[in-house]
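Here's what TrEMBL has on this protein:
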type	residues	note
DOMAIN	A:1-109	domain 'NADH:ubiquinone oxidoreductase chain 4 N-terminal'
TRANSMEM	A:21-41	transmembrane segment
TRANSMEM	A:61-82	transmembrane segment
TRANSMEM	A:94-112	transmembrane segment
DOMAIN	A:112-399	domain 'NADH:quinone oxidoreductase/Mrp antiporter transmembrane'
TRANSMEM	A:118-137	transmembrane segment
TRANSMEM	A:149-168	transmembrane segment
TRANSMEM	A:194-216	transmembrane segment
TRANSMEM	A:256-273	transmembrane segment
TRANSMEM	A:285-303	transmembrane segment
TRANSMEM	A:309-330	transmembrane segment
TRANSMEM	A:351-369	transmembrane segment
TRANSMEM	A:389-414	transmembrane segment
TRANSMEM	A:435-457	transmembrane segment
Amino acid sequence: MLKMIIPTMMLLPTTWFSKNNLIWINLTTHSLIISLIPLLFFNQINNNLTSHSTHLSSDPLTTPLLTLTAWLLPLMIMASQYHMYNESPLRKKLYLSMMIFLQISLIMTFMATELILFYILFETTLIPTLIIITRWGNQAERLNASTYFLFYTLAGSLPLLIMLMFTHNNLGSLNIPLLTLMTQNMTTTWSHNLIWLACMMAFMVKMPLYGLHLWLPKAHVEAPIAGSMVLAAVLLKLGGYGMMRLTSILNPLTEYMAYPFLMLSLWGMIMTSSTCLRQTDLKSLIAYSSVSHMALVIMASLIQTPWSFTGAIILMIAHGLTSSMLFCLANSNYERTHSRIMMLSRGLQTLLPLMAFWWFVANLTNLALPPTINLIGELLVVVTSFSWSYITIALTGLNMLITALYSIYMFITTQRGALTSHIISMKPSFTRENMLMFMHISPIILLSLNPSIIMGFTP
Amino acid sequence: MSFSNYKPSRLAALPSTLDPAEYDTSPETRRAQAERLAIRARLKREYLLQYNDPNRRGLIENPALLRWTYARTTNVYPNFRPTPKNSLMGAVFGIGPLIFLYCIIKTDRDRKEKLIREGKLDRTFQLSR
């Protein structure tokens, strides 16, 4: 485990002591090498836990998310090169240090054995993200966005701290493998209902659930590209990961308490997908599509069957890569036209055909085309929710339809049709951008060939 | 002289030549029309000057478009005022479906759980878990 944390921490001195013209090369190369390390964790002897130290361990739920996080850091660094070009070296290094600090906290969050360590690092991830959004965002609305982001997540997670203390007092330890063996007898009294709510609210806000999702479009739209990528790909999955860990101590109350959140997820999927159909802002469309996909994950985590957990994990990985790729594509548009309005950059297929291919593939994976892992995740979630109750198929099926609609709408608006007549100079696609898109799509394609490694506990 | 039976529809406005009000307007209306035409012509001239400028490299900044996007995305809540129609839409599309879905799914699941507990549900071919 140290073989991952120490190199990531050492990326910080690498940033500060590199020569100014070598920062990006050094960091990208070293973070790519570090991203190969979690691949070693995939070979696990049993489903229980691979313990790396007394405080850090990895298991089949953690390892895919960890690999996603590690893979994302070189991608974030590559994506930020353009808009950081004119900043002073000090600011560049500060930006990269924020990203590396975020990466360290994320790695340790996903590996934490003890729930209190998980909570501390969960909160720690907020700070670098906040700094990235507030300092390097592009519009004046970023202050509002970062306030919403910070306070929604903090307010949701303070009850969780209290509940973790309480559970620690009751059960004696918050060690994750031990928690699966100890049970608290949760009945339907008011206090136990409140305990359930307190534990789950932090992750509901983080995922986000439909009623509490107000921070997400703001934060995603106002963040710079690296901030958007890491928010969409990893930080949302922290919520899913936490939910899947905590449901083991909250039984059997989850059956009764989960209903409001299941209804919110079911209806929220459709509402947010429909909102996507009438967005003017491209990044806002991708942000709302994130909410819609995450609603499926919330539903899967609350139903708590083995297949649904598998579907949730696969969907989290698939959505992380797809959303991050869509944000990179939107950013490549933004860098050229300096505007996020979809109508202003139409018909790009004539100008940038290779980028049109990446747009096409990203939109296809977003609408869960077979045989990508997006489809496998969605299919597992839809099948388990059907077996939970027959009626949900109407809503999840309608959601898949609307997802296809807005993905194709996004593709057609930006790529097909006539070029807008006032665009006279657009830089061609850089190799860096094509490489970025390729590095996003290649894990999806490779995982479609063998998804059993990200299937989590069941297969 | 009778005018044609052409009526305006939702997607096709009545052209001004078929509108009887066009043929007996007052000088004030004519002056207002001329002012609006002057504003439109000035904006179009500014746009065309930028559009055809050989030294332009970037986008033409269209303040009307920026104001429209700002109004659609960020400026919604400060101008929100709860009206009867607003509240009805919120209740019907926001809260109603949640309660409706809860009632339907709860009764369906309770019925299924009861059948499972009594052992009457045929789950011999149930593969999904």
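Placed from the backbone N, Cα and C atoms, the Cβ positions cover glycine too.
Simply put, out of A:61-82, A:94-112, A:149-168, A:285-303, A:389-414, A:61-82 has the most Cβ pairs sitting under 8 Å from the transmembrane segment (A:435-457).
Counted with DSSP, the domain 'NADH:ubiquinone oxidoreductase chain 4 N-terminal' (A:1-109) comes out as 74 helix, 5 strand, 30 coil. Tertiary neighbourhood of the transmembrane segment (A:309-330): same-chain residues 61, 64-65, 68, 72, 75, 79, 220, 225, 228-229, 232-234, 236-237, 240-241, 244, 282-283, 286, 289-290, 293-294, 296-297, 300-301, 340, 355, 358-359, 362-363, 365-366, 372-374, 376-381, 383-384, 433, 436-437, 440-441, 443-444, 447, 451, 454-459, selected by CB-CB distance under 8 Å and a gap of 6+ residues from either end.
The highest tally of CB pairs under 8 A with the transmembrane segment (A:21-41), across A:61-82, A:118-137, A:194-216, A:256-273, is held by A:61-82. Using a Cβ-Cβ cut-off under 8 Å and counting only residues 6 or more beyond its ends in the same chain, the transmembrane segment (A:118-137) has close neighbours at 95, 98-99, 101-102, 105-106, 108-109, 112, 143, 145-146, 149-150, 153-154, 157, 160-161, 164, 202, 219, 222-224, 226-227, 230-231, 235, 238, 242, 245.
Cβ atoms under 8 Å from those of the transmembrane segment (A:194-216) belong to residues 122, 145, 148-149, 152-153, 155-157, 159-160, 162-163, 166, 186, 235-236, 238-240, 242-243, 246, 249-250, 253-254, 257, 261, 264-265, 267-269, 271-272, 287, 290-291, 294-295, 297-298 of the same chain, restricted to positions at least 6 beyond its ends.
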